[in-house]
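Visitor: So that we are looking at the same thing, I have put the structure below in structure tokens.
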Amino acid sequence: MSKFKVIEIKEDARPRDFEAFQLRLASPEKIKSWSYGEVKKPETINYRTLKPERDGLFCAKIFGPIRDYECLCGKYKKMRFKGVKCEKCGVEVANSKVRRSRMGHIELVTPVAHIWYVNSLPSRIGTLLGVKMKDLERVLYYEAYIVENPGDAFYDNESTKKVEYCDVLNEEQYQNLMQRYENSGFKARMGGEVVRDLLANLDLVALLNQLKEEMGATNSEAKKKTIIKRLKVVENFLNSNLNANTDSDEAVPNRPEWMMITNLPVLPPDLRPLVALDGGKFAVSDVNDLYRRVINRNTRLKKLMELDAPEIIIRNEKRMLQEAVDALFDNGRRANAVKGANKRPLKSLSEIIKGKQGRFRQNLLGKRVDFSGRSVIVVGPKLRMDQCGLPKKMALELFKPHLLAKLEEKGYATTVKQAKKMIENKTNEVWECLEEVVKGHPVMLNRAPTLHKLSIQAFHPVLVEGKAIQLHPLVCAAFNADFDGDQMAVHVPLSQEAIAECKVLMLSSMNILLPASGKSVTVPSQDMVLGIYYLSLEKAGAKGSHKICTGIDEVMMALESKCLDIHASIQTMVDGRKITTTAGRLIIKSILPDFVPENSWNKVLKKKDIAALVDYVYKQGGLEITASFLDRLKNLGFEYATKAGISISIADIIVPNDKQKAIDEAKKQVREIQNSYNLGLITSGERYNKIIDIWKSTNNVLSKEMMKLVEKDKEGFNSIYMMADSGARGSAAQISQLAAMRGLMTKPDGSIIETPIISNFREGLNVLEYFISTHGARKGLADTALKTANAGYLTRKLIDVAQNVKITIEDCGTHEGVEINEITADSSIIETLEERILGRVLAEDVIDPITNSVLFAEGTLMDEEKAKILGESGIKSVNIRTPITCKAKKGICAKCYGINLGEGKLVKPGEAVGIISAQSIGEPGTQLTLRTFHSGGTASTDLQDRQVSAQKEGFIRFYNLKTYKNKEGKNIVANRRNAAVLLVEPKIKTPFKGVINIENIHEDVIVSIKDKKQEVKYILRKYDLAKPNELAGVSGSIDGKLYLPYQSGMQVEENESIVEVIKEGWNVPNRIPFASEILVEDGEPVVQNIKAGEKGTLKFYILKGDGLDRVKNVKKGDIVKEKGFFVVIADENDREAKRHYIPRESKIEFNDSEKIDDANTIIASAPKKERKVIAEWDAYNNTIIAEIDGVVSFEDIEAGYSADEQIDEATGKRSLVINEYLPSGVRPTLVIAGKGDKAVRYHLEPKTVIFVHDGDKIAQADILAKTPKAAAKSKDITGGLPRVSELFEARKPKNAAVIAEIDGVVRFDKPLRSKERIIIQAEDGTSAEYLIDKSKHIQVRDGEFIHAGEKLTDGVVSSHDVLKILGEKALHYYLISEIQQVYRGQGVVISDKHIEVIVSQMLRQVKVVDSGHTKFIEGDLVSRRKFREENERIIRMGGEPAIAEPVLLGVTRAAIGSDSVISAASFQETTKVLTEASIAGKFDYLEDLKENVILGRMIPVGTGLYGEQNLKLKEQE
């Protein structure tokens, strides 16, 4: 750290620039040196003369003259007397601006404490003296005494309890001790003076050493905590001058007694103004009232002391003075706030700076600016993409100075006055000059709320009549603007640099891509989509069908002469090839750039296709081509939307004819279910689920019917259908509400009402139906309002935590990365690998799994083409560089960040990626749902919720899977975890019979087979093998990884598969629940119909060892009998285009070497099995089965107490159902006593139905009980926005799950104090012990093997646990997949890198575990950078470095913990931050954006990053 010089800020000369900012405590001398005189009187101004009173709060003598260069009495008036002091009124002649900077002071008769250092936790004064805050307050407010000198005083007569230094005594104790020990040196006082003396007498160095000794001596955690608290404060004081320059007087560290105020500084009067309103009233700043109270009380105290008043009166006056000063600094912090005349609390100095209306956020971070205006916006369809229409009236005002200059320059006016008059009269010359001024001078348009950088864009103004700003239709999406009365603000950039930036970076035609996802944002919407869609449709039998035309000109002529319909299918020549197309599509082709291929335009263009087209043009052609193409597209869209004349009529809404029939059928089914419920055949929950299922499916059937009808209507030219189909407006769901039925509605509590709305909007709703539907509609509106506030707050927190992240260097040189694969949730893919890898840099070579050659080298930037190749290559996971693993000292390097999505190129140094990330995550926040879902107990009817089936071909492998056979002979899953069913294909087969051996060497795994004569070895990459915790489904994905079915030392037969590629995997319990029925055997083949997928020649192969041997004698109709059969499709160059594995029992449909097309089915499966079901289970219940044979006994299960008896009327069977609400301490349990002393216990959840009786004999795999899923599921799932902020805030969830910290075997120990004890024993002998509350539902069994990171109990996984147990990379995966699930679920695309930037900021601090020789204290949270710098310093000096562990901070805590004082203070908890910083004398090196904005310096991003090198703008010759 270089030493800094303190800049003295003089009145007339402001410093040009400064490099750092330090916050310190001011000494009384310092305060006096600032002051220009003492304020003695509480008066402000004289009400008759309106002149300030002498020595009052507005005194001109102290603070300076009211008018420029004029003394108060008027003796000296003029610039020439500058610096003269008037003899009569004592005022120095100066600029009146000095009243904003000159301070005064009040000399207090007695020292008072500064409330920030008393009341802000931890109380600094209290901590230093070792006194509790409450006691300290009693001393300061004259209610108790504090011992200054204990002498030989004792509390009791036996002299055992000694009175200590700084003990606090009440009146009685004090009188008692004074009588007995006054002569032996005992002394105690009360009030501010004694506290100041005690602080002044502190020897901080001695105290520091004493505390460090105590720290070493003690073992109790609580004591350590209090000592550390004091240590921190003491160290802060001692270190508060570390960076000051040694030769200045600033070098003295802060002294504790400076926390007490003897001289109270008085704010300059213009910062607490007093303004005369008309009617003789005054608007006055509250601070003046607070100062007046202080002065009044201080003067009164002075008088009383001169009069030698009784002690009690003086004491009271001193207490009142302390209270007055407290109110001035922070009104209402202690006791009741002082209220003004209008009964509202007065605004103290603290309140002026904090909060949204405070100085920081109101005036420093956001200011009102000159040269701006606002108006309503209207659409400007004739504008170019980079233009906006600016009303002439507005332009006249905005560009007035430019215009005046132009008028003078052209000689129309000789003086400014004359020019102004011309402008007022609006003469012709004025308009001529205005046109010239505006030409080439861009303006910025902003639409509030400014959620991301595209909310402010620059345009070239076009002067228009009227008063509304005209906006180009394509930029509406970026601004989120519509024309229903939105307003926008216009700003004029003034400096040449600003104008250049607007033209080069901010012009709307430059901002075509969204920085959040890299998708184009300027995509035609609504009318434009409809026009282009209409143009691209084809109509059978239209006029002029099947004609042949030579080109676009002929087509246009034919259209104009009405002998050809625009939708007619015609043939024509395009690029020298004959193609079949329509006239409309040729018109579209005529506006496309030449490089667009036929398959992009010769089809029906819907919104998605148009978006893809725009993206393609941008990727191939760049900005300018795209911008002009978009304009042509817009014009075409509007023109044909008008010509098409599409409109809605009630006749377009077609109700299905058999609607009534379907409804009656559904009602009949509902009645049947109701009857079986009344008979007691099904439970109430099942009845509800089934009824809702019926209505759901009825609604779906009707919707499908209706869509078919609408689609057929007018040969696909039904207006409503076109709107929905093209993606212009509306959706199938909305049409079905118009034409089929409105469907099921929800109750206010989120559950579904079982009677649906049968009517549709065309028929109209009846009163009840209308009433049911209003709740949902109104809730939607209320939600939106709340959502905006929440989303805005989240954005603010994100901005604050990420504002200092910028790209600082090209490459940090790290080889570290994070392994990524596709993100899935319950078998649905949320984000594919291709999407995740796009725009990232590889951290490791990517190996092609088929050829084993390097596909992409480390350091490759993955663009769209490369990502596509990777997606098709079958690679399932890659290692990429991320901001989290970046090793740059400050910020992030370009390689770890990857592509700047806003422009599609590698990011450049100086880019403020933190802000971009925060905006990208915050901006779509308003589109997320607000609510926490109650899954109102509806069991969905999806197949995936009751079975899993194979989508690919291969054969089955069981991993650790055990099964029971039940009475019906079915196989039932016996594992609760750590098992899986895998679908694999062979990669290596044994060439001969032998013994297998597997060994790990560095990065490789060597598999060898050996018999008496020979041995073969196969080398695999360790990275490619599926890890046990991946197979068990704890982390990562296994698709495409390798699986070794045999262990070392096993005997294997010839032609056995020993290394296999996993194609699909279903783990227990996430994909296959416990007690499911398994429908496949180990090793069984799974056959599917296989399509070729590529054109070419078929060649058949068989696997031998690890290579393929050609098999030629394969004919159509053969059935495959051998493992390891492959078919390869070779292209015309005889290269492998595609390879398929053919399982046993497949039927071959083509001969060897036959030529085929990509759509041909080359392998057929057995006719009866289309999809191979692997396992299935009860969709509505979680089943509990017996794991051993034995006898059942009940615990805590009693009819009428913890359970209800239900009698099935039809069958007369009795069953017990556990009550929903149980008395505390009651845990219904089933116990099975087996052979010997073996017993298994099952805890039952509420609503469980029991199928056995006490004392029954049962067999393994019998069903004991079922818990309805709806009951298990109705726990709230936090979703949407609350889930996102929960993750970013890193909140510890209320019902956090207990998580295993090591791999090992679970053992249950004796319960301890009503808690269950679980011990996990690892293989290496280590163990971990957990105490678990009885109320939690334990999910593991005695003797099970469990992986680190798995849940032991139910509940939510806490991010902190993931970090602690599985490390930073696992946390990275967890947070990204959880957050992406929310956003993707709402259809919002955000690139991972934005989330990574925020996560890297949440991990920017570490917790010191062992401080070594550093200046840190155990338990300190310090930023990684400070930690690294300090350790490097200690190592250079040869000391012990500190050791730290990573911690995860929520975004709020991370933002407040920023290294920059100003940035933290302007975010939240302003007073606390400033209190801490002032004591430590903290430095702010002004490295980030926020503090520079506040101080008005250039921000260090973009060219500002190189501010020191002084860049000059050069004109191009």
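Note that Cβ sites are derived from N, Cα and C of the backbone, with glycine treated the same way.
Not my notes, these are from Swiss-Prot:
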BINDING   Cys71, Cys73, Cys86, Cys89  Zn(2+) 1 binding site
BINDING   Asp482, Asp484, Asp486  Mg(2+) binding site
BINDING   Cys812, Cys886, Cys893, Cys896  Zn(2+) 2 binding site
Visitor: Can you check which residues sit near Cys886 (Zn(2+) 2 binding site), meaning Cβ under 8 Å from its Cβ, same chain, 6 or more apart in sequence, and list them in order?
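Guide: Cys812, Thr814, Ile892, Cys893, Cys896, Tyr897, Ser1400 - these are the non-local Cβ neighbours of Cys886 (Zn(2+) 2 binding site), listed in sequence order.
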Visitor: These are the binding-site residues: Cys73, Cys86, Cys893. Which one scores highest on other Cβ atoms within 10 Å?
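Guide: Max Cβ neighbours within 10 Å, all protein chains included: Cys893.
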Visitor: Of the binding-site residues listed here (Cys71, Cys73, Cys89), which is spatially closest to Asp486 (Mg(2+) binding site) when Cα positions are compared?
Guide: Cys71
Visitor: At the level of the C-alpha atoms, what whole-angstrom distance separates Cys71 (Zn(2+) 1 binding site) and Asp484 (Mg(2+) binding site)?
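Guide: Distance between the two Cα atoms comes out at 57 Å.
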Visitor: Rounded to a whole number, how many Å is the Cα of Asp482 (Mg(2+) binding site) away from the Cα of Cys73 (Zn(2+) 1 binding site)?
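Guide: Answer for this pair: 60 Å between alpha carbons.
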Visitor: Determine, using Cα-Cα distances only, which of these binding-site residues is closest to Asp484 (Mg(2+) binding site): Cys73, Cys86, Cys89.
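Guide: Out of the listed candidates, the nearest Cα belongs to Cys73.
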Visitor: Compile a sequence-ordered list of residues in the same chain as Cys89 (Zn(2+) 1 binding site), six or more apart from it, whose Cβ lies below 8 A from its Cβ; state 'none' when nothing qualifies.
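Guide: The list for Cys89 (Zn(2+) 1 binding site) reads Arg54, Ala60, Lys61, Cys71, Leu72, Cys73, Lys75, given in order along the sequence.
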Visitor: Taking DSSP three-state, what's Cys812 (Zn(2+) 2 binding site) in: helix, strand or coil?
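Guide: Assignment for Cys812 (Zn(2+) 2 binding site) reads coil.
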Visitor: Which residues, in sequence order, are found in the same chain with Cβ within 8 Å of the centroid defined by the Cβ atoms of Cys812, Cys886, Cys893, Cys896 at the Zn(2+) 2 site, excluding those residues themselves?
Guide: Ile809, Asp811, Thr814, Arg881, Pro883, Thr885, Lys887, Ala888, Ile892, Ala894, Lys895, Tyr897
Visitor: Considering the binding-site residues Cys71, Cys812, Cys896, which residue's Cβ sits among the greatest number of other Cβ atoms within 10 Å?
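Guide: Result of the Cβ crowding comparison: Cys896.
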Visitor: So around the Mg(2+) site, Asp482, Asp484, Asp486 aside, which residues have their CB within 8 A of the centroid of those CB atoms?
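Guide: Not counting the recorded site residues, we get Ile377, Ala481, Phe483, Gly485.
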Visitor: Using DSSP and collapsing to three states, where does Cys71 (Zn(2+) 1 binding site) fall: helix, strand or coil?
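Guide: SS state of Cys71 (Zn(2+) 1 binding site) = coil.
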Visitor: Please work out the number of neighbouring Cβ atoms within 10 Å of the Cβ of Asp484 (Mg(2+) binding site), leaving out its own Cβ.
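Guide: For Asp484 (Mg(2+) binding site), the 10 Å Cβ neighbour count is 5.
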Visitor: Select the most exposed residue of Asp482, Asp486, where exposure means the fewest other Cβ atoms within 10 Å, treating these as the binding-site residues.
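Guide: Sparsest of the binding-site residues Asp482, Asp486 by Cβ contacts within 10 Å: Asp482.
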Visitor: Under a three-state reduction of DSSP output, how is Cys896 (Zn(2+) 2 binding site) classified: helix, strand, or coil?
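Guide: Reduced to three states, the DSSP call for Cys896 (Zn(2+) 2 binding site) is helix.
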